[in-house]
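Visitor: Please find one structure pasted underneath; my questions will follow.
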Amino acid sequence: AKQVREVPAQAALTPAHSTSRIHTSPAAPTLFNPFVHHGRRPKSWLYRHCSSVQQRDRQAQKAGQLFSGLLAMNVVFLGSAFISSMIFNHVAITLADVWILLSILKVVCLCWIIYYLLGTSRQPHAVLYRDSHAGPVWIRGSLLLFGSFSVLLNVFQIGYSVIQIHCKSKVEIVFPSIEILFVSTQAFFLWHHSKDCIQVQHNLTRCGLMLTIATNLLLWLLAVTNDSIHMEIESQLREVEQRLAGNETNLCACPNTTTCKVFQKGYILLYPFNTEYCLICCSVLYVMWKNVGRRISHHHAPHIKPKFKLQGVVFGPLLGAAAVIIGICVFMMYQIQATGSAPNRQVFVMYYSYYIVLLPLMSVCAVVGTIIHAVEKRELDTLKNPTRSLDVILLMGAALGQIAMSYFSIVAIVATNPKDLLNSLILSYSVLLIFQYITQNIFIIDGLQREPFVAAIEARHRRVSVLELGQEFRRVSLSYMHSYSHLSWKRKALKEISFFLVLCNIILWIMPTFGAHPVFENGLEKSFYGYSTWFAIVNFGLPLGVFYRMHSVGGLLDVYVSA
């Protein structure tokens, strides 16, 4: 600094073409930033050291993500091989073998979760940042709800196995007991630490999170295959009961007692909640995995968080409640008539007619909401957000299951007899379902990428406060108030549309979750593709469709709040 102050004025006014003399002169002072490379001057030690540290940090982060991802991939492939072997060769690999493998994985995950709760998260400077977008209230509430039902499901399974202890193995009691402990501990862990951006023990935390994700995926796969096997057995028994008089030769049949019937029915009723719980846990754990080592700037954190309010929303709740009530009535009538030995043709007509009326209304609302998003010109949220990226991926990926099933149905109907009443209804249902999925995805994704209206107000006030002239301040304020009053009806329309779509997706989640599967029970696609092929297609598409409806509810709630 002393040398810089002693530089004569002529040196400061040296022309640009004479800069080489300054570099070569031994007496010339250093007037350049040490972090910037000028000409042939080598980079400073500090610049090279800081650059190498940042580069090593990024390389270590990518190496840790790669290693943990490979660990999860191998665990998923091993578990999938076990489950597939159990399905195709249940003699060599039994269900008990799969349960033993999953029990080992759950015990390892439990040990890591307990270590994270008692060790990693309590270290100094472990959790300096928390992702405000991760683990919203509806996600954590769903975790508690579905986790509670999953625990109750395992209690019913234990009770059912204890009653039939004479023909059940001890593994069928140990496995649900470990499952209860795993579900409870994992729900507590995700409720309190889903927003963590952990800054210590990066590799261990990434491996633990990925191992837990792999375990939940395998539990979901096992639940789907067991549910599919249950549907297959139930469907085959209907055909057998029409020819045989129902001779009960199974030694492991449930005795004719009220307790056993309650455990059996409760287990079947609560079974879908376990699959949803596993998928929600996978999504939350993935966001935590992306947030390991992440540093969030304080000025990026929202100062005002929008809250869920029902003020000013009338038509959306009314129309949505009407759709839910009518859907419940249709679902009950369908369940009563379809559970018989020979489902009535009229019940399928009623079921598909309800969808044909509801799906176009939902599609029109989604298109109108997308147009309002385009007209409103709200600023896009360009900040890095792993939660939003995952929501988009899950919406697009989960929609593929039901869209694929719809295209298979369209091909089967067009190739056989599209003029029949029931076939024409199924054809219309399939086409409308594809259009509804596409329009709703566009509406939700466009809404998730917009800044919340409260954040837009805050940013507008922050820009206005920079202006020091009172006249400019008044002009901007008046234009802002004019735009606010002009756009108020658009925000109300967005809230009405979002709330209506939330209720519609809830009833469309309830119906297939609790047993309404007309795509398998109407017999059209099954006779066209064959029993095994169509059963595999339904096994792939139906669980994804159920998860899409539940996940879209969360996305629509975010759109509702941000409006």
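Cβ atoms are placed via backbone N, Cα and C, with glycine included.
Okay, so TrEMBL annotates it like this:
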TRANSMEM  66-92  transmembrane segment
TRANSMEM  98-118  transmembrane segment
TRANSMEM  138-161  transmembrane segment
TRANSMEM  173-191  transmembrane segment
TRANSMEM  203-223  transmembrane segment
TRANSMEM  268-289  transmembrane segment
TRANSMEM  310-334  transmembrane segment
TRANSMEM  354-372  transmembrane segment
TRANSMEM  392-415  transmembrane segment
TRANSMEM  421-439  transmembrane segment
TRANSMEM  497-516  transmembrane segment
TRANSMEM  528-548  transmembrane segment
Visitor: Most CB pairs under 8 Å with the transmembrane segment (268-289): which of 173-191, 203-223, 310-334, 421-439, 497-516?
Guide: 203-223
Visitor: Can you tell me which parts of the same chain pack against the transmembrane segment (98-118), counting only residues 6+ beyond its ends and a CB-CB cutoff under 8 A?
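Guide: Same-chain contacts beyond the ends: 75, 78-79, 82-83, 86, 171-172, 174-175, 178-179, 181-182, 185-186, 189, 193, 205, 208, 211-212, 214-215, 218-219, 222.
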Visitor: Counting CB pairs under 8 Å, which listed stretch among 173-191, 203-223, 354-372, 421-439, 528-548 touches the transmembrane segment (66-92) the most?
Guide: 203-223
Visitor: Near the transmembrane segment (421-439), which residues from the same chain, at least 6 beyond its ends, have a CB less than 8 A from one of its CBs?
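Guide: That would be 345, 348-349, 352-353, 355-356, 359-360, 362-363, 366-367, 370, 399, 402-403, 406-407, 409-410, 413-414, 522, 524, 548.
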Visitor: Is the transmembrane segment (138-161) packed against any residues at least 6 beyond its ends, judged by a Cβ distance under 8 Å, and which are they?
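Guide: Residues 168, 172-173, 176-177, 179-180, 183-184, 186-187, 190-191, 194, 254, 259-260, 262-264, 266-267, 270-271, 273-274, 276-277, 280-281, 283-284, 550, 553-554, 557 contact the transmembrane segment (138-161) from elsewhere in the chain.
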Visitor: Counting only residues 6 or more past its boundaries, what in the same chain has a CB within less than 8 Å of a CB in the transmembrane segment (354-372)?
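Guide: Same-chain residues near the transmembrane segment (354-372) but 6 or more away: 323, 326-327, 330, 425, 428-429, 432-433, 435-436, 439-440, 442-443, 446-447, 490, 493-494, 497-498, 500-501, 504, 508, 559.
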Visitor: Is the transmembrane segment (528-548) packed against any residues at least 6 beyond its ends, judged by a Cβ distance under 8 Å, and which are they?
Guide: 220, 224-225, 227-228, 232, 272, 275-276, 279, 394-395, 397-402, 404-405, 408, 412, 415-416, 437, 509, 512-513, 517, 519-520
